[in-house]
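Since the structure comes first, as structure tokens, the remarks are kept for the end.
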């Protein structure tokens, strides 16, 4: 009994030590693309593992689904993460092994394997510990004790074999095997039963009971798994056979009807069946026995093709070694029937004709040359043509790949973007690979094909052309789903390409480029030559990033669900930039060219230590304390959402150490002085913020004029100047800019030496209850006194990187100033609200740590009291005294921890109140923007203002939800009766946790000594 108490305390300590993991922040904004990520629903009724299979589970297994997901680092809704956690899977598996027997165990484990396979987990899909797996295997062979052991099974003889035997010959002897194979399963069974009426009902019942195949759980239309792009959840024969059956030689078709029940796969899961040697071996042995020569090559090529399309790695179709040997021997054998040989050659001729007709560069349209090409293709070509999808073929509706190509699957998608020197290199022979000529992903992973292209490019191109070709190759292979390094070039070819990339092109190509560029520029935009040309040249010279090739609308790559093929900064930075601390934002502009990733590929950039290390080192250098924690948490969050595995954001060890050190450092005194300067009198604000006003105004102008292109606001002397709103701890500020007569025509808004006045007042509050006042009458009249319209310059960069500078004429000056001023107030309030959210999240995280210490203290107190009771019974006064001392220390630590919990709860309440008031500020400012926009009579201004109103409303809705969450935390945290502690609870809670750890060490030594002593005494 006593040793078990020691073990429980040790386990509790391990749990408390691991509870310091910072969870990735959750986002619920409607415009956040992650909230509609297609393959993971962010909620669950039970948990992400149980929800989708609960209704199909046996009754005995259903109570086992309600296990605690808190023992894992996974979100409770994340199916894939829960599947690979042995702690969670083991708890469910142990429960099933205990409560279920026989077929119920098989059904439950098959469903678990199925849902984990659908979620994208690798073999063995559901990660159950070995001892639990043994228990499940034993339970699966046990006989159920229930009296409901199916009477129907015993009363109905096993007609399953009879049904299978009767259906197989019928399909083989049929004059139209393709139609039979593509019909529905129910149709086939009905035809068989009509031929053998006596055994129809037993066969149907027995096959249902004896089969170990569990079909995929049915799901409603709004479940994202029902639109999972690459796997159809049904099959006529099975997931392997359906898509290639019509293209198989006649001798191989009967081999497709193997039993999928010998695998843990759902019968429709192509990828799972491809990697199961038991299933692949049965098919391969049958083909080796029934087929010879070219028929074996065709069948194995089709098998490799379908497995490659399903995303399986090399060698794609996992056939056992002995079966592979049999297939190789059969492929070299000569068919015994001359009729079979003639039939095979005619099919090959038809295949070669279709391939030739799709090649644009060939001149085989004349009748005489067609006959010769047929003959040569029969003798030399070992390429298996792409399956022709027809109206009766099931593959025409389930495939996610285009089964044809003009050149080949690799070249088609990038040919138009290639430099001229590289285009001839694309016409390499795909016959040296086992790939279908149209399969981009398969061709990407074949070194012999990639090496031929790479060697040709290295010989034909130099300098920037090499970089463009390799970037395009990497891009198209990444889009095709190939893992890093995407385009599998041999090492020797990579070296040749690297050397060629550093070489300087000859003068002929340089002069040709120089002669083409000016004429092209002058013909497009004569009035903007000066601003376009430098931007174009610099972007072409400095950028090594090549965007993904554009593809037609019917190409499935254009609707690839989880990756946007463009980015403003890069795929890592775009989605978290607005939430980052200011100190970390400059760190996002690292060069993606040091990686093989497309610049827009979030997941790829997350796993590249060179890119992640550069960002991490910059953050460690520029940020301190909570800013470091926020930045790294956002990085982990975006990488987790992109599907990267733990630890999500792959930082090098030395950079991680630097970030840990920076996270514990205290921010410098600059921030304190900045706060102090912001709280000075209103008369000093214009002089202190004149430089900042210009920058803020430029941002306001950019936001007031929406466009499809990105807007780059650069501070200049002729930009409008509107000051940003003061922070919540300032006493109020009034900025009075004006404009002199000398520069009234060139400035968008007044500077400090002009004559007009625009004022804005913000009332301070302890919780940030700031309110915005409408511009006064005198302000409007002063702004209206400006004669005539004013102008401002707007700098726009389009998608091609060309910079335009346009002039905006502002006629409603007063309303324009009101709108930009209100936009600045809303922007400031939004930033302060984000800061309050961060403060709340930090306090919540610290509260979890302290509550963990409280729980540990309570557990330790109970254990020591038990030891003390035993010592009192044994009259061991020394042990009793030691226990009393430890109980006093632990009680003191628990009391301090409870005070800290109360303090952290108050901090969170304060942060929520602050966010609520700032949401009101945003709403008020948005109303001012909308009113001013309507007064301007500008549709663009109204659209921007309406967006601001929507954002302000959304901010208020989010705050309401968070208040409910905080209220629940307070009630569960036992707020009543706890005295108020200091608000700066960060250091205090860490001290409490450290003290608890120290007490744990001393208590453990006391407990071990006491247990040994009491045990010897007894």
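Using N, Cα and C of the backbone, Cβ positions are placed for all residues, glycine too.
Here the structure is a predicted model, which means the values were calculated and not measured.
Look at Swiss-Prot and you will find 78, 269, 439, 601 tagged as heme binding site. Under the DSSP three-state reduction, residue 601 (heme binding site) is assigned to coil, being neither helix nor strand. There are 27 other Cβ atoms within 10 Å of the Cβ belonging to residue 601 (heme binding site).
What Swiss-Prot records for 148-164 (among others) is compositional bias 'Polar residues'.
The compositional bias 'Polar residues' annotation in Swiss-Prot covers 767-785 (among others).
Among the features that Swiss-Prot reports, disulfide bond is placed at 60-100 (among others). DSSP gives residue 100 (disulfide bond) a coil state; it is part of no helix or strand. Over all protein chains present, the Cβ of residue 100 (disulfide bond) has 25 other Cβ atoms lying within 10 Å.
Marked as disulfide bond by Swiss-Prot on the basis of sequence analysis: 64-95 (among others). Packing around residue 64 (disulfide bond) is summarised by its Cβ count: 20 other Cβ atoms lie within 10 angstroms of its Cβ, all protein chains included.
Within its own chain, residue 74 (disulfide bond) has 48, 81, 82, 85, 88 as residues 6 or more apart in sequence whose C-beta sits under 8 angstroms from its own. Taken residue by residue with DSSP, residue 74 (disulfide bond) is part of neither helix nor strand, so it is coil. The disulfide bond annotation in Swiss-Prot covers 74-81 (among others), and the record cites sequence analysis as its basis.
According to its DSSP assignment, residue 251 (disulfide bond) is helical. If you look up Swiss-Prot, you'll see 251-291 (among others) marked as disulfide bond.
Around residue 255 (disulfide bond), a 10 Å sphere centred on its CB holds 20 further CB atoms from the protein chains shown. The disulfide bond feature in Swiss-Prot is assigned to 255-286 (among others); the stated evidence is sequence analysis.
Counting every protein chain shown, the number of other Cβ atoms lying within 10 Å of the Cβ of residue 272 (disulfide bond) is 26. What Swiss-Prot records for 265-272 (among others) is disulfide bond.
Residue 274 (disulfide bond) falls within a helix when secondary structure is assigned with DSSP. Just so you know, the Cβ of residue 274 (disulfide bond) picks up 26 other Cβ atoms within 10 Å once every protein chain is counted. Residues or ranges marked as disulfide bond in Swiss-Prot (evidence: sequence analysis): 274-307 (among others).
Note on residue 456 (disulfide bond): other Cβ atoms within 10 Å of its Cβ, all shown chains, come to 19. What Swiss-Prot records for 425-456 (among others) is disulfide bond.
Annotation comment: Swiss-Prot describes 435-442 (among others) as disulfide bond, evidence class sequence analysis. DSSP assigns residue 435 (disulfide bond) to coil in the three-state reduction, outside any helix or strand.
Taken from Swiss-Prot, the feature disulfide bond applies to 583-623 (among others). Contacts of residue 583 (disulfide bond) defined by a Cβ separation under 8 A and a same-chain sequence distance of 6+ are given as 619, 622, 623, 627, in order along the sequence.
In the three-state DSSP reading, residue 587 (disulfide bond) counts as helix. There are 20 other Cβ atoms within 10 Å of the Cβ belonging to residue 587 (disulfide bond). Look at Swiss-Prot and you will find 587-618 (among others) tagged as disulfide bond, backed by sequence analysis.
The C-beta environment of residue 606 (disulfide bond), restricted to residues of the same chain at least 6 apart in sequence and closer than 8 Å, consists of 572, 612, 635, 638, 639, 642, 644, 648, 649, 650. Sequence annotations record features per position, and here Swiss-Prot assigns disulfide bond to 606-639 (among others).
Swiss-Prot lists 32-143 with the feature domain 'CFEM 1', giving sequence analysis as the kind of evidence. For the domain 'CFEM 1' (32-143), the mean pLDDT of the prediction comes to 87.
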Using C-alpha atoms only, work out the spacing between residue 425 (disulfide bond) and residue 439 (heme binding site) and round it to an integer in Å.
18
Fill in the CA-CA distance, residue 456 (disulfide bond) to residue 307 (disulfide bond), as an integer in Å.
30
Tally of residues which DSSP labels helix, strand or coil - the domain 'CFEM 4' (555-666):
64 helix, 0 strand, 48 coil
Near residue 442 (disulfide bond), how many other Cβ atoms are within 10 Å of its Cβ?
27
Candidate nearest residue 435 (disulfide bond) in space, where candidates are the recorded positions 269, 601, 798 and distance is Cα-Cα:
269
Taking the Cβ of residue 81 (disulfide bond) as centre, how many other Cβ atoms lie within 10 Å?
23
Using a 10 Å cut-off on Cβ-Cβ distances across all protein chains shown, tell me which of the disulfide-bonded residues (95, 286, 291) has the largest neighbour count.
291
Which of the recorded positions 255, 272, 286, 798 has its Cα nearest to the Cα of residue 64 (disulfide bond)?
272
Could you tell me how many residues in the domain 'CFEM 1' (32-143) are helical, how many are strand and how many are coil under DSSP?
64 helix, 0 strand, 48 coil
